[in-house]
Amino acid sequence: VVVSIVIKCLKFSQKNKKKSQKREMGGCCSDIQGGQQAVRGGGGGGGGGRSYQQHHQQNPTTSTKSGVVEETTASNDAVDFFYRSQGLQALFTPLELSLSASKLLDRDILSKSDPMAVGYVKRKDGTLEEFGRTEVIMNTLNPVWIGKFSIAYQFEIVQPLVFRVYDVDTKFHNLPVESLKLKEQEFLGEATCVLSQIVTKQNKTLALKLQRKDGHGAIIDLGSLTVHAEEAISSRQAFEMIFHCTQLENNDLFSKSDPFLRISKIVEGGNVIPICKTEVVKDNLNPIWKPICLTMQQFGGKDNPLLIECFDFESSGNHKLIGKLQKSVADLEILYQEKAGANFLKASSVRHDHMKTLKGQLFVDEFCEKTMYSFLDYISSGFELNFMVAVDFTASNGNPRLPDSLHYIDLSGRLNAYQQAIFEVGELIQFYDSDKHFPAWGFGGRTTDGGLSHCFNLNGSPSESEVDGVNGILSAYSNALHRVALAGPTLFGRVINKAAQIASQTVSDNQRKYNVLLIITDGVLTDLQETKNALVKASDLPLSVLIVGVGGADFKEMEILDADNGKRLESSTGRIATRDIVQFVPMREVHGEC
């Protein structure tokens, strides 16, 4: 029974995410500030440091189109959990694909191309289903992308893959890659293969020709694409580190170097696979970078060698190597414990086969080992769900007495958007909660005392926020509309902090509970940074936040909070979220599927 409930819950989550899969391709923002931002790599189909939570898969195992069931290449965590709980083998092997290219066509006049790769699965009917995008790399014809594609290898199924490379126009460089319209980018070539061709290679690396057809149908070669596959490692371990360097070599004539670090793992056959890049620190020979978090899934093991390279950033894309060194995560931990530095090395200008030791050193200021738990970990180990709700009472919802208001209560019994969200999410989650007592709040309204509140108890009680069951939430919500005046602005920070307090208390009391906060809103968020701070702080707690957007507003801020682009949230102090705890769902897209 428990397994069935878990499967139902995860399938519900996948169903809600089906129409927003294009947002879930992964990938970091496409080179904000000309490639100077960090790329905290990782699996999940993109370049920006998605946390370990791989239960957020791109696609379900099967999808139905016109009544025909078709296989896809992504895993279904719910189905896999069911098989594992029965002691059976999983139906798939999760892989990560790393991509690089060489000798690309240069489409730019005054600089080089800015390439991005896109991966597709070719379905039986010949249509292409996108499953990943890399980050954009500026000014290079030989890109090595950090972003990875996650895909499930199924031995018994032929899995044709198509890879396309695009030159991204400069005017789109500040947009998340998943929002780019490919028809607006310059096509640089296409390569095709079958997944089994990659995995059967001795080093799991396959070189492909990038090609396109000219106007007469003739095939033109446009460089090469290399695809490397590795089995995704199931590990909950992660390591958060802060690096700084001293006495770096200055490569600039009229200023100082603009250093950044690139970290790569060394795999079988000596191949080097980039997994992470720090941000660029301008004009500084003693830089301190923001924290990075490396998961065991990225680097494979604490004793596996990592190549750490320090570059001087150049806007032309021809970054100058300052120095490099080879250390494992275990070695980095020793540097931290001993407060020692490691000298960079560089090939001698006289003898290129000889490495000279530089004055520049790498230091590890912080080293923290974390265990990263997914939603499925909590549920499968016997945790209950603690359901909480926060409802938007800002004036942008419209006068509740008028039929065009999002808060209008229809006497015929037809549910408004807020009631639909409460009922559909609460109806499912209540099965995981034994007492079915749910905290319920409102925000952005003026309560009976005339004061504006961004976290008030929905039931009107001055001290008690819990109501009895889903019907209790719906009743408290309806009654609140009669005594709370809609106001504003839209602030999430306080309700998230309130939910985090409850989650923290469950940890302190050793309660086996996982907390889910449902925020239902119609408007544009006005405390984005405060909300980010609250979410980053809460990312170590057993808490997830589901934001349901109702109405036709612009929900760009919600897309930022939902780290499906692979770039985890960052607080105002530079701390990176341990994991992605937010899922945004536009009600207008998914209500028909719920």
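Just so you know, glycine gets a Cβ as well, placed from its N, Cα and C.
TrEMBL labels come from automatic prediction, so no person has curated them.
Taken straight from TrEMBL:
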- 40-50: compositional bias 'Gly residues' (COMPBIAS)
- 59-69: compositional bias 'Polar residues' (COMPBIAS)
- 73-208: domain 'C2' (DOMAIN)
- 221-345: domain 'C2' (DOMAIN)
- 386-594: domain 'VWFA' (DOMAIN)
- 39-69: region 'Disordered' (REGION)
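Note: the domain 'C2' (221-345) comprises 17 helix, 59 strand, 49 coil (DSSP; helix = H, G, I, strand = E, B). Look at the domain 'C2' (73-208): DSSP puts its residues at 23 helix, 53 strand, 60 coil. When averaged over the domain 'VWFA' (386-594), pLDDT in the model lands at 89.
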